[in-house]
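Participant: Swiss-Prot feature annotations, pasted as is:
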type	residues	note
COMPBIAS	18-30	compositional bias 'Low complexity'
COMPBIAS	36-56	compositional bias 'Polar residues'
COMPBIAS	423-433	compositional bias 'Acidic residues'
REGION	1-110	region 'Disordered'
REGION	376-434	region 'Disordered'
TOPO_DOM	1-137	topological domain 'Cytoplasmic'
TOPO_DOM	159-170	topological domain 'Vacuolar'
TOPO_DOM	192-204	topological domain 'Cytoplasmic'
TOPO_DOM	226-236	topological domain 'Vacuolar'
TOPO_DOM	258-272	topological domain 'Cytoplasmic'
TOPO_DOM	294-313	topological domain 'Vacuolar'
TOPO_DOM	335-437	topological domain 'Cytoplasmic'
TOPO_DOM	459-477	topological domain 'Vacuolar'
TOPO_DOM	499-505	topological domain 'Cytoplasmic'
TOPO_DOM	527-535	topological domain 'Vacuolar'
TOPO_DOM	557-566	topological domain 'Cytoplasmic'
TOPO_DOM	588-606	topological domain 'Vacuolar'
TRANSMEM	138-158	transmembrane segment
TRANSMEM	171-191	transmembrane segment
TRANSMEM	205-225	transmembrane segment
TRANSMEM	237-257	transmembrane segment
TRANSMEM	273-293	transmembrane segment
TRANSMEM	314-334	transmembrane segment
TRANSMEM	438-458	transmembrane segment
TRANSMEM	478-498	transmembrane segment
TRANSMEM	506-526	transmembrane segment
TRANSMEM	536-556	transmembrane segment
TRANSMEM	567-587	transmembrane segment
Amino acid sequence: MSPPRRVSFPPDTLQEDPPLADSPLSSPKLPEYDRQSSSTPIVSSNLPTDTTNSASAGPRRRQQPSRQVTLDASPPSATRRETTESARTQRSRAGSRRTSNSLDPNPGLMRRVTTVLFTPPKKIGKAPTYWGSMKAAITSTWLNVLLVFIPIGWALYLAKHNGGKDSISDTAVFCCTFIAIIPLAGLLGFATEEAALRLGQTLGGLLNATLGNAVELIVAILALIKCELQVVQSSLVGSILSNILLVLGMCFFAGGVRFAEQAIKSTAAQLNASLLLIAVIAVLIPSAFHFSISSSTSNTDASELANGEGADLLSMSHAVSILLLILYLGYLLFQMWTHATYYVDDAVTGSTQYPEAITNVSEKLKFRNFHRRKHDEEESYSTATTVSDAAVPPSARAEGGEVPATHGPGTAAAETGNRVEHEDAEEEEEEETPQMNVVCTIALMVIDTVLVGVTAEFLVDSINGMVESNPSLSAEWVGLILLPIVGNAAEHFTAVSVSVKDKLDLSISVAVGSSIQIALFVIPVIELLAWTIGKPMTLLFDPYESIVLFLSVLIVNQTLADGRSNWMEGMVLMMLYIIIAVSFWYYPGSTTATLLGCQDSSSVTG
């Protein structure tokens, strides 16, 4: 913002020449405050004036005094407000500088999408060496000390199942493998963040959701091969509940502890919530079909179901699974191609910090004196402007001369604005220094995913023995509550860690995106895989699980509707998840998933 000045316009033409009709200075509608009298003090910049005569310039023209238009300076408070708004605008432009070209509709679609997906929000600095990358991974979190439980859990499992040592309890294997997954989840989240530095936020969120659901997919496939259909369905429903209630609730709570309110991109959040609701409704349609036509006495057995309704349920489940996969492809196309700009991260998040509390009398007096000095400053600035106008010599007014501008409050505000612009320019060039190079990041993600999958497999195999040795536990509760917590540990750690860094949109894309991927991708893939290998798995879920899942999705929709979050909303979601866990502890379970038995599905449909 330049210092306040008065601008001199070029002199008028010959008096005999008619003035231009559209000239703002000759317009009769010109406001009176724009027409300056000869007595008005003039402060103007040195504008060049052409006083040379040309042969083609026509008759000689008489020079008239230059017209002067006063550009009054704003008061200090208004100047400071303009400086703050300008700084915010420039900071927003600096944060989205690297992705602004991708929003231009002129480039081709491929170039636009590639730029949005693979262009990091900040400039990436020099990558470290291999040794530096390994050191950064090892020292990334103190939870890595728990990595010692990986060989311990593996040794106990192999000694019990392959060594024939029955003295080793399944509870010990379960506890060791459960603890071992915690640091693996932390390393996976660290590697995912390093990969997200070099990718767009959308692709990073999709990567988080994919790696987080790898455990659920492996567990579901192994349970399906063993024809444990109830475990498959309970683990998948529990994964969705864990993501949208526990993970999302902890993200809101952790971010709300640091920020009073965090802004959410309402368009993307509402779209994801609506898509999740549609996916859950589509998954629950076969269950609604079954309970609508079943008798109220509940005397339907497997033979009757196999003769009529069972074949219809299988065919309906297969058709719904194919349609859900098509919907998932459309979701990827929408998120990563046609409307990728909805998921672009902005530098200005809109989060609200907690106000600084004024706790004692001295601070209150300082606060009051500050406003009093501010008011006196504005009054002194107004008085100084009047005095400076009166101090201009009359000769300068009469001759149309110029008076050099003096420094005052407006000039100081302008210097402050220039200083803010300089700081924003330095912030714009700030680099994001990665802690790992690309090769080590990819290697860590692959190795960590494999370790998580193997450790989770040992964990699942020890559940049955642990349930038998502890009658208070039920296999359904373990599959609905414990397995999803273990399976979602990776994205749980990542989502909570980035929400504290004021990246709540990434947390939502991880939590809600993971649930969408389970509903639209994992469940249909498991259903079609069961169809391929001849297992009679349907989308007929437990009735109580179906009701709880539907109500939970509705609550999450209402939570994301206002586009802002706080710690109280996070606590509500977490408490709801705990209430559901307590209710399922006493739930005896249902046999709807095993009504068709574990016979070949061809005998049911044929």
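Every residue gets a Cβ built from N, Cα and C, even glycine.
Since this is a predicted model, take the numbers as computed values, not measurements.
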Participant: Give residue numbers and ranges for long-range contacts of the transmembrane segment (237-257): same chain, 6 or more residues beyond its ends, CB-CB under 8 A.
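Facilitator: Result: 213, 216, 276, 280, 479-481, 483-485, 487-488, 491-492, 495-496, 499-500, 502, 504, 507-508, 510-512, 514-515, 518-519, 522, 541-542, 545, 548-549, 552-553, 556, 559, 565-574, 576-577, 580.
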Participant: Does the transmembrane segment (536-556) come near the transmembrane segment (273-293), with 3+ Cβ pairs under 8 Å (pairs 6 or more apart)?
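Facilitator: Touching, yes - the transmembrane segment (536-556) and the transmembrane segment (273-293) meet the threshold of 3 or more Cβ pairs under 8 Å.
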Participant: So, taking each listed stretch (171-191, 273-293, 438-458, 506-526) in turn and counting its Cβ pairs to the transmembrane segment (314-334) that are under 8 angstroms, which one gives the highest count?
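Facilitator: The stretch with the most close Cβ contacts to the transmembrane segment (314-334) is 506-526.
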Participant: Could you pull the average pLDDT for the topological domain 'Vacuolar' (527-535)?
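Facilitator: So the average pLDDT across the topological domain 'Vacuolar' (527-535) works out to 90.
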Participant: Do the transmembrane segment (506-526) and the transmembrane segment (273-293) come close, with at least three CB pairs under 8 A (pairs 6 or more apart in sequence)?
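Facilitator: In this chain the transmembrane segment (506-526) contacts the transmembrane segment (273-293) - 3 or more Cβ pairs sit under 8 Å.
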Participant: Have the transmembrane segment (478-498) and the transmembrane segment (273-293) got at least three CB pairs under 8 Å, pairs 6 or more apart in sequence?
Facilitator: no
Participant: Grab the same-chain neighbours of the topological domain 'Vacuolar' (159-170) for me: Cβ-Cβ under 8 Å, and only residues 6 or more beyond its ends, written as numbers and ranges.
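Facilitator: Tertiary neighbours of the topological domain 'Vacuolar' (159-170) are 461-466, 469.
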